[in-house]
């Protein structure tokens with residue numbers, strides 16, 4: 001998760017917010033109830049059942065993928081399916097080695113420890129984690145100077161589940177200690193439609209298929225956003241005295257929330273409009289864009305751009321960001337004629 005600095009809270013960001021935990025009943029409780037991620041789900045079922053049959057702790061698992069796709073939920077389900085305890089923390093919270101040692105020494109046999117944003121662990125904390133993952137022991141130095149001594153503390157055999165949105169920031173030694181890497185992908189429209197329909201039932205509001213599809217197609221392939229949009233559309237439906245959410249109510253509610261038919265919000269359109277009108281569609285450097293939008297560079301790169309790149313509205317090139325023809329069509333603007341030297345030679349990559 002990015003520290004958003006001056007960026008105002010956005011309905012369409014997939015980063016977790018307290019309100020997302022308010023309706024815990026929307027989260028699936030078992031692997032069989034989890035929708036989407038078919039390959040990951042099938043593989044996890046094999047690993048869980050095999051570990052249970054042997055009476056062993058599950059091997060360490062690393063979830064990689066954009067925010068909001070179910071990494072935390074899957075970790076909780078794994079603990080529930082294994083019949084063991086679940087502890088949760090995040091990389092930035094573990095400030096020093098002693099913090100991690102306190103967590104690890106309080107685990108029971110085969111417990112699941114979930115560390116979100118594991119790529120943000122401090123180096124000195126990460127070094128403590130290596131022997132804990134590999135040998136199930138802590139190697140601590142007690143005291144200072146000539147009186148310092150090394151103490152080994154045995155740990156119960158536990159399962160570490162790490163989650164990261166930026167696997168490239170993980171060190172190789174840490175990445176190599178995860179026996180089960182799992183990459184999560186964006187959800188299909190049909191999967192999100194099912195999730196929205198199920199969520200509406202659990203929230204006690206009726207919904208017709210067209211209404212569920214309208215919410216699903218604006219949810220950016222992300223269940224967390226779908227659930228957030230559903231709760232807001234429910235408010236509009238109840239305010240209007242409607243017994244069920246149909247397409248018209250969903251469309252009216254989402255347009256009132258500045259979420260357009262492609263799932264773009266005000267910030268997305270502002271980003272595209274600045275490039276189109278101020279820089280002729282690009283190329284323009286990300287630092288220049290950050291200054292023009294008065295937003296931090298990391299917020300632009302990690303929060304605003306990924307969905308726009310995924311939808312084919314923006315290209316990241318060696319010369320900077322460029323809008324595609326689809327972006328101009330979506331904005332209803334004429335595409336300028338670019339000289340050949342302005343065209344991208346290849347994608348810059350993430």
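Any Cβ shown, glycine's included, is placed from N, Cα and C.
Feature annotations, courtesy of Swiss-Prot:
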- 26, 27, 68, 71, 72, 73, 134, 135, 136, 177, 187, 224: ATP binding site (BINDING)
- 72: Mg(2+) binding site (BINDING)
- 297, 316, 321: DNA binding site (BINDING)
- 1-23: region 'Disordered' (REGION)
- 4-187: region 'Large ATPase domain (RuvB-L)' (REGION)
- 188-258: region 'Small ATPAse domain (RuvB-S)' (REGION)
- 261-350: region 'Head domain (RuvB-H)' (REGION)
Note the mean pLDDT of the region 'Large ATPase domain (RuvB-L)' (4-187), expressed as a whole number. 87
For the region 'Small ATPAse domain (RuvB-S)' (188-258), give the DSSP counts of helix residues, strand residues and coil residues. 51 helix, 4 strand, 16 coil
Inter-residue Cα distance where the pair is residue 321 (DNA binding site) and residue 68 (ATP binding site), in Å: 25
Across the region 'Head domain (RuvB-H)' (261-350), what are the DSSP residue counts per state (helix, strand, coil)? 45 helix, 9 strand, 36 coil
According to DSSP, residue 72 (ATP binding site) sits in helix
